[in-house]
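Written out below as structure tokens is the structure these notes cover.
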Amino acid sequence: MTSSPTVNLLDLDAQGLVAYCDSLGEKPFRARQLQRWIHQYNAADFDGMTDLAKSLREKLKGRATISMPGIVSDHISTDGTRKWLIDVGNSNAVETVYIPEETRGTLCVSSQAGCAVNCRFCSTGKQGFSRNLTTGEIIGQLRMAEFALRASRGVDGGRATGGDGKGERVVTNVVMMGMGEPLLNYDAVVPAMRLMLDDNAYGLSRRRVTLSTSGVVPMMDRLGADLPVALAVSLHAPSDPLRDMLVPLNKKYPLRELMAACQRYLKVAPRDFITFEYCMLDGVNDSEAQARELLAVTRDVPCKFNLIPFNPFPESGLIRSKPEQIKRFAQVLMDAGVITTVRKTRGDDIDAACGQLAGAVKDRTRLAERTGKAAKIIEVRAV
């Protein structure tokens with residue numbers, strides 16, 4: 001007779017924990033207790049869960065774990081940005097980045113080891129695609145960062161000190177903008193985001209959790225039906241021929257389909273606009289004429305633009321737009337009444353800036369070298 005495999009409780013959202021407790025003959029309130037211990041009190045084992053019956057603790061010891069991925073490295077930039085390299089096994093690693101600001105703290109979370117989309121301006125895509133992360137590996141990034149940051153600030157709201165478990169929240173915003181395309185790992189990403197939003201876990205609002213996608217249209221519709229959080233779309237070009245080159249996924253879901261999906265999403269979104277991200281590439285997509293094209297393409301979608309100065313890496317063959325050209329491009333958009341920001345480069349001294357999340361990981365995975373070819377874009381069907 002073989003024993004059942006152990007369950008990593010980090011892989012379970014509230015509904016999953018209720019179902020798991022039911023399988024042990026336990027009532028739903030036990031699931032809520034477990035969730036608080038794991039996500040609010042940072043419990044690493046079951047012995048310290050003092051309000052659980054001893055019999056339940058013994059059951060859990062033999063059947064469940066709270067397994068976090070290991071930390072390979074932890075670097076802090078001169079601007080306060082902090083980057084962790086996270087070991088997810090089999091020579092794969094992902095990166096998690098915390099960006100402190102005066103009124104908020106934003107955590108950039110990865111969803112895949114590598115990325116299959118292979119955008120030309122993104123160093124992560126150049127390492128190829130290895131695998132999807134599990135729900136536990138995704139929410140584990142938030143859990144790890146929140147409690148590491150609390151410890152570094154001397155903040156402890158845990159139960160052992162008489163706190164309510166929530167303490168002084170350090171991570172106030174989460175952006176699913178790290179390594180990978182979140183909508184190509186839908187079944188793991190959505191439960192992780194449910195935990196981010198759950199008041200019994202991290203208690204973030206839907207406006208403070210943003211998912212960034214390169215434009216996986218069927219899954220955008222599915223996300224709108226299941227869990228409409230704030231949405232950012234990696235646009236980067238005002239025409240299909242150029243976007244086909246910069247974002248290969250565009251060949252499957254061209255701009256017309258993408259804009260229609262954005263309109264549908266806005267009907268259920270927690271914000272009344274879509275954020276369009278646009279990487280500024282010298283002589284490629286940064287002319288004033290292209291800014292006007294961009295306005296025409298997005299005219300039916302309430303939006304704001306986030307212009308991102310390109311962070312160069314050797315394999316790209318691309319150059320960052322000059323600051324004065326970025327300013328001229330932005331002015332065209334603003335003159336049309338569209339809110340436009342230019343992203344401030346953060347953490348570039350530790351390779352934590354936008355598009356740089358491959359650095360040390362690329363050397364660890366060497367995926368392109370092992371496969372000898374770029375990963376193919378995953379076929380996606382809405383279910």
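Any Cβ shown, glycine's included, is placed from N, Cα and C.
In Swiss-Prot this protein carries:
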ACT_SITE  Glu95  active site, proton acceptor
DOMAIN    101-349  domain 'Radical SAM core'
DISULFID  Cys108-Cys354  disulfide bond
BINDING   Cys115, Cys119, Cys122  [4Fe-4S] cluster binding site
BINDING   Gly180, Glu181, Ser212, Ser234, Leu235, His236, Asn311  S-adenosyl-L-methionine binding site
ACT_SITE  Cys354  active site, S-methylcysteine intermediate
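A gap of 12 Å separates the Cα atoms of His236 (S-adenosyl-L-methionine binding site) and Cys122 ([4Fe-4S] cluster binding site).
Here is what falls inside 10 Å of the CA of Cys108 (disulfide bond) among the recorded positions Glu95, Cys115, Glu181, Ser234, Asn311: Glu95. Rounded to a whole number, the distance between the Cα atoms of Cys119 ([4Fe-4S] cluster binding site) and Leu235 (S-adenosyl-L-methionine binding site) is 11 Å. Residues Gly180, Glu181, Ser212, Ser234, Leu235, His236, Asn311, recorded as contacting S-adenosyl-L-methionine, have a largest CA-CA distance of 19 Å. In sequence order, the recorded positions near Asn311 (S-adenosyl-L-methionine binding site) (Cα within 10 Å of its Cα) are Cys122, drawn from Glu95, Cys115, Cys119, Cys122.
Note: the Cα of Ser234 (S-adenosyl-L-methionine binding site) and the Cα of Cys119 ([4Fe-4S] cluster binding site) are spaced 10 Å from each other. DSSP assigns Ser212 (S-adenosyl-L-methionine binding site) to a strand in the three-state reduction.
Look at the Cβ of each of the recorded positions Glu95, Glu181 and count the other Cβ atoms within 10 Å; the largest number goes with Glu181.
The secondary structure of Glu181 (S-adenosyl-L-methionine binding site), as reduced to three states from DSSP, is coil rather than helix or strand.
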